[in-house]
Amino acid sequence: MVLDRFLVLPLLLSLLFLSLATGLVQDFCVADLSKEDTPAGYPCKPVSEIGYCDFVFSGLASPGNTSTLIKAAVTPAFVSQFPAVNGLSISAARLDLAVGGVIPLHTHPRGSELLVVIEGIIIAGLISSSNDVYVAKLHAGDTMIFPQGLLHFQINSGNSPVVAFVSLSSPDPGIQITALSLFSNNLPSEIVEAVTFLDDAEVKKLKKLLGGSG
């Protein structure tokens with residue numbers, strides 16, 4: 001019986017700390033975007049200034065502009081666009097891909113992603129930290145998950161535009177696009193060549209295409 005008490009006490013304490021870490025201490029915390037963001041999120045807007053419109057976001061109703069280099073558009077409903085998701089561990093986005101469009105290889109460092117295809121056909125895939133590759137062809141109604149921090153992509157593989165919606169497990173999941181991180185900044189070409197095994201001509205070509213220098 002004494003042994004049981006020693007086993008139960010740490011379990012109860014761990015559950016208590018978990019509930020304190022994840023439980024909401026108020027109904028909501030609509031972000032006050034006029035204040036500075038913090039590691040814990042934005043400060044709350046005063047309840048007296050909140051109306052029903054704070055809980056509604058219509059920005060995902062219209063298609064994004066796919067007349068871009070990647071022939072795709074991402075319309076976010078993150079905390080910066082939809083302050084009501086502040087502190088709720090959730091956000092959303094709309095993906096529009098023209099024929100031939102692609103969402104390049106990227107990661108979300110602060111959240112997992114759930115993709116739902118509404119129209120069109122997508123080839124989507126992810127790469128695990130052990131370099132295992134998981135690729136699927138998705139049709140309307142199909143869903144795919146992309147765990148937090150893992151590289152993943154989406155490609156329009158059909159002959160018509162694609163519309164998809166994603167939900168993410170963070171109000172501000174962040175995004176890092178691999179190609180932009182390498183070729184759209186001033187990281188010196190010789191360093192890029194060393195870490196990617198690409199030759200100088202190819203690196204300079206990609207830097208010129210994506211707006212990089214050096």
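Cβ from N, Cα, C; glycine included.
Since this is a predicted model, take the numbers as computed values, not measurements.
The Mn(2+) binding site feature in TrEMBL is assigned to H106, H108, E113, H152. Under the heading oxalate binding site, TrEMBL lists H108, E113. Residues or ranges marked as disulfide bond by TrEMBL: C29-C44. Annotation comment: TrEMBL describes 58-204 as domain 'Cupin type-1'. Residues or ranges marked as signal peptide in TrEMBL: 1-23.
Projection of TrEMBL feature records onto the structure.
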residue : record              : Cβ contacts under 8 Å, 6 or more apart
C29     : disulfide bond      : G41, Y42, C44, K45, N86, G87
H106    : Mn(2+) binding site : L151, H152, F153, I175, Q176, I177, T178
H108    : Mn(2+) binding site : F146, Q148, G149, L168, S170, P173, G174, I175
E113    : Mn(2+) binding site : I145, F146, H152, V166, S167, L168, S169, P173
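Same-chain residues that are not part of H106, H108, E113, H152 yet have a Cβ within 8 Å of the Cβ center of the Mn(2+) site turn out to be T107, L126, F146, L150, L151, P173, I175.
For H152 (Mn(2+) binding site), other Cβ atoms within 10 Å of its Cβ number 21. Across the domain 'Cupin type-1' (58-204), DSSP assigns 22 helix, 57 strand, 68 coil.
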